[in-house]
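**Student:** Can you keep this structure in mind? I'll have questions shortly.
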Amino acid sequence: MTTIQVLLSIFSGTIVGFVLGLLGGGGSILAVPLLLYVVGMKDPHVVIGTTASAVAINAYANLIAHARAGHVQWKSAITFALSGALGAYTGSIIGKLVPGKQLLFLFAILMIVIAVKMVMPKKTKSQADDFQNQVKLPLLITMAILVGLLSGFFGIGGGFLIVPGLIFVTRMPMIAAIGSSLVSVGTFGLMTAISYSLSGLVNWWIVFAFVGGGVVGGIVGAWLAVRLSKQQRTLHYVFSGVVMLVAIYMLIINAEALDW
């Protein structure tokens, strides 16, 4: 790995951290294309393993602040994380069996789904008043396993599925769901990272450079978010458009994946 790649990894991590700090989510989906097309990593499976490792570290780091603020419902959070951990590990094994081009093609489709979801109208009614903390255990476990499989397969955190899942099953308020989801995001990322690391498919130098840049970007993004709070909806539309364009580019250059 060259010095240029280290610097580009820091730069890429800064972009992801900046988006996460500015918009509160979505930035991690850019980690894979950034490592591929900016940093210049060649093996899609190493990219997935490296991304999963960085996601795990970032999630656990962000969990600390949410836990101190009392935004984590530990019973539901731990149940979801442990239930989905095996799913994440299994998903990572399946992902390693899929050829790189096909994996990236499927990842691009996932990016389009997330881009569309980001601009869909969100419910504004607070659920804090009717929070019952009554967990429907079979449903929670089933959902955790499925999300874990998806997370492990693509090397993503899965927060965009975990948050609404926790709200739907437990009726916890949004802020608690966000904090609680980080337990699962970190755990799923950790299981995926372990699986890929055992196969020699994690570049740890890039992981640490990426995470370091992410910390700086997150601070700047959070600072700017306060000053652009009235433009959040517009920013989501712009970022969604960027994700969509990157996804289309990935679909085109990996089109040969259709010849399975």
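One-based numbering along the chain as shown.
Even glycines carry a Cβ here, placed using N, Cα and C.
According to TrEMBL:
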TRANSMEM  6-39  transmembrane segment
TRANSMEM  46-65  transmembrane segment
TRANSMEM  77-98  transmembrane segment
TRANSMEM  103-120  transmembrane segment
TRANSMEM  140-163  transmembrane segment
TRANSMEM  175-198  transmembrane segment
TRANSMEM  204-225  transmembrane segment
TRANSMEM  237-255  transmembrane segment
**Student:** At a threshold of under 8 Å on Cβ distances, which of 6-39, 46-65, 77-98, 140-163, 175-198 pairs most often with the transmembrane segment (204-225)?
**Tutor:** 6-39
**Student:** Is it the case that the transmembrane segment (6-39) and the transmembrane segment (77-98) touch, counting contact as three or more CB pairs under 8 Å in which the residues of each pair are 6 or more positions apart?
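**Tutor:** These two stretches do not touch.
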**Student:** Please give the sequence-distant neighbours of the transmembrane segment (77-98): residues at least 6 beyond its ends with Cβ less than 8 Å from one of its Cβ atoms.
**Tutor:** 45, 48, 52, 106, 135, 137, 140-141, 143-155, 162, 165-166, 179-181, 183-184, 186-189, 191-192, 194-196, 199, 201
